[in-house]
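Participant: A single structure is presented below for examination.
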Amino acid sequence: MTEPTFPRRPQAIFLMGPTASGKTVLAMALHQHLPVEIISVDSALIYRGMDIGTAKPGADELARAPHRLIDIRDPAEAYSAADFRRDALKEMAEITEAGRIPLLVGGTMLYFKALLEGLSPLPSADPEVRARIEREAETVGWQALHRQLQQIDPIAANRIHPNDPQRLLRALEVFFVSGNTLTELTKISGEALAYRVHQFAIVPLDRALLHQRIAQRFHQMLAAGFEHEVSTLFARGDLHREMPSIRCVGYRQMWSYLADETDYDDMVFRGICATRQLAKRQMTWLRGWHDVHWLDSDEPAALDRVLQVVSA
């Protein structure tokens, strides 16, 4: 009796790493050596008009290797992990059907997790419900809404700080829209990714070197016109500091400076510190990641290592 044969799952490559670790440089090199198409996995690169502070690939880089899922939202618009998973799966299918390999590059680890493991069946954002919650917050304050969440979903309330309006808003919204708590819904597992995924994490082994690069990059952004970029957003009038776009590292600190809440030197210091904290959180995610190949961003053989694994 002939054994049944099953179609081999298509390949995909994850290239993960903290900010300023050299992901883009390696991705560009891989684009030259492999039949790959790059998909950005970055919650900041999705926004139009936010180029300098996000270290978005330049026009020359994009001409040589186009990146999908960048510049797809206005800074006033929301974009969730569920939105990313939907869009990424669509892009991956198109790339695979063209006989090429999706190369997913970035540092938004929640997006990678959502794509790899699937998502719990959480409801989509509801503008009317959100507006109602925000109006209530203006009246009674977020502390009172946190106490309300403590009654509805104590487990989520214990995880969410009273001064984190974005997560607090989402937890309440989920309950009011679905009738189920965030804790209940997140226990339901999602659909795993139907690809053979080669996972790589690129990091500088010397933490001091990473910190040096972060500071250097921040100063380069300032020299490139970061203040003007944020002042353009600031002047629009429809954006505020609690929006996900303005909460991006660097933008929030520059926003405070433009609002005359801090001086220039303090803004620079806080921006660099916030970027270092982001890198630390990204590294914490990566240390708990399974089946990942570690790459030293300062090792010239990193490219060869990826090529060897993917070609095996």
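Here the Cβ of each residue, glycine as well, is placed from N, Cα and C on the backbone.
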Participant: From the ranges 42-45, 130-133, 182-185, pick the one that Swiss-Prot records as region 'Interaction with substrate tRNA'.
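Facilitator: Range annotated as region 'Interaction with substrate tRNA' by Swiss-Prot: 42-45.
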Participant: For the region 'Interaction with substrate tRNA' entry in Swiss-Prot, name the matching range from 115-120, 247-252, 283-288.
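Facilitator: The range carrying the region 'Interaction with substrate tRNA' annotation in Swiss-Prot is 247-252.
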Participant: From the ranges 136-140, 166-170, 226-230, 271-275, pick the one that Swiss-Prot records as region 'Interaction with substrate tRNA'.
Facilitator: 166-170
Participant: Would you mind checking how many other C-beta atoms are within 10 angstroms of the C-beta on Arg130 (site 'Interaction with substrate tRNA')?
Facilitator: 17
Participant: Roughly where does the region 'Interaction with substrate tRNA' (166-170) sit in mean pLDDT, to the nearest integer?
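Facilitator: Per the prediction, mean pLDDT sits at 92 for the region 'Interaction with substrate tRNA' (166-170).
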Participant: Taking just the CA atoms, what is the gap between Gly22 (ATP binding site) and Thr108 (site 'Interaction with substrate tRNA') in Å?
Facilitator: 15
Participant: Within 8 Å of the Cβ centre of Gly17, Pro18, Thr19, Ala20, Ser21, Gly22, Lys23, Thr24, which other residues of the chain have their Cβ, at the recorded ATP site?
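Facilitator: Near the ATP site, beyond Gly17, Pro18, Thr19, Ala20, Ser21, Gly22, Lys23, Thr24, sit Gly107, Ile202, Val203, Ser297.
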Participant: As a test of the contact definition, list every same-chain residue at least 6 positions from Pro18 (ATP binding site) whose Cβ is closer than 8 Å to its Cβ.
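Facilitator: Residues satisfying the criterion: Gly107, Val203, Leu210, Leu278, Ala279, Lys280, Gln282, Met283, Leu286.
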